[in-house]
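Read the structure below first, then the notes.
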Amino acid sequence: MFIKRAANAQNESWRWILGFIAIFVGCQVFGAFPFVLALIVKTIQDGGNSMMLDESSMMQVFSPNTTLFLLMLTFVIGTIVWYLWIKYVHKLNWHEATTSRSKFDWSRAWFAFAVVGIVSIVLTAVGYYLEPEIFIWNYQPDKFWILVIIAVALVPIQTTWEELYFRSYMMQGLGLMAGNRAVPYIVTSVIFGMMHIFNPEVAKLGYVVMFWYVGTGFLLGTFTLMDEGTELAIGFHAANNLFIALLVTADWTAFQTDSLLIDISDPEATFTTFLPLLMYYPLLILLFSWKYKWSNWKERLLGPVHLDKPVEDPEFEQLN
């Protein structure tokens, strides 16, 4: 089972608690150094004062592609910190920290990526066809193809770090400390959602959209616990953010890119805002459940975590 894979001699609670802090700080503080340093140098060169810039102004100092590149470097550093922590503090390898299977199942990740990518393209095309007046066609070859290179190379690292932190490290750590699946399922989903509270989408649409972020956390938690690994969550998250960056941007979204389309509508939180929670997400769960033959839902999502068998037991290597 996925949570049990992390159980070994380096399993004391203090290691996990310190890890929650160290991995987060390593990413969000030390990982931000390239962007902050570049920002300081640029504003000094331009005769300004970086200390006087608010968050919105910081995002305007560089071109969208340069800003995206610098911001994504944060998660490259964060992923390195995560790997070093699990390797040297917990004595875990990559597959023990990411899946219940003997090795990371890339076919699962690619399947989730393909499904979400196709849905994203189709929905964007339909939206553009039905309401072309709320979009500006923004295709600029020189800028767009640079965006493609940066986004394809780095956005999946950003989303994977989030999955490694929440659905891998925090899910396993809280599960082992609590002795059940319910605590990590609920806590990681809520914290994941709350981490987005300062996104510009929340400022624009109101706190009601937090239900969407928390719901996404529960979706990814469901993928991880029911499938006994992070593969589906990693594939879903990478495709979701990558195609957002490439297809549509707006002046009120977290990603400000040289995307194909610019949404110029004045959005508000309505019933359609929550369609992903009510229709798309349940359909994804049904699809993955059918394809991977999920069962024992209550046990896998909320059941106890028993450590009465050694993690080397072949049973744990052959799940799914």
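Note: Cβ is positioned from N, Cα and C throughout, glycine not excepted.
As the structure is a computational prediction, the values presented were derived from the model and not from experiment.
Long-range contacts of the transmembrane segment (16-41) within its own chain (CB-CB distance under 8 A, at least 6 residues past either end) are made by residues 50, 53, 58, 61-62, 70-71, 73-79, 81-82, 85-86, 89-90, 161, 165, 169-170, 173-174, 176-177. Feature annotation from TrEMBL assigns transmembrane segment to 16-41 (among others).
Residues or ranges marked as transmembrane segment by TrEMBL: 61-85 (among others).
Residues annotated as transmembrane segment in TrEMBL: 109-129 (among others).
Here TrEMBL flags 144-161 (among others) as transmembrane segment. Counting residues 6+ beyond its ends, the transmembrane segment (144-161) has Cβ neighbours under 8 Å at 27, 64-65, 68-69, 72-76, 78-79, 82, 234, 237-238, 240-242, 245-246, 257-260 in the same chain.
Look at TrEMBL and you will find 145-243 tagged as domain 'CAAX prenyl protease 2/Lysostaphin resistance protein A-like'.
Outside the transmembrane segment (182-199), and at least 6 residues removed from its termini, the chain residues within Cβ reach (under 8 Å) are 3, 162, 166-167, 170-175, 207, 210, 213-218, 220-222, 225, 254, 301-303. According to TrEMBL, the feature transmembrane segment maps to 182-199 (among others).
Per TrEMBL, transmembrane segment is recorded for 205-225 (among others). Here the transmembrane segment (205-225) has Cβ contacts under 8 Å with residues 2, 112, 163, 166-167, 171, 181, 184-185, 188-194, 196-197, 199, 232-233, 236-237, 267-269, 273-274, 276-277, 281, 284-285, 288, 300-301 of the same chain, all six or more residues outside its ends.
Taken from TrEMBL, the feature transmembrane segment covers 232-250 (among others).
Look at TrEMBL and you will find 270-290 (among others) tagged as transmembrane segment.
Scored by C-beta pairs under 8 angstroms, the transmembrane segment (232-250) has its highest count with 109-129, from the stretches 61-85, 109-129, 270-290. Here the domain 'CAAX prenyl protease 2/Lysostaphin resistance protein A-like' (145-243) has a mean pLDDT of 95 out of 100.
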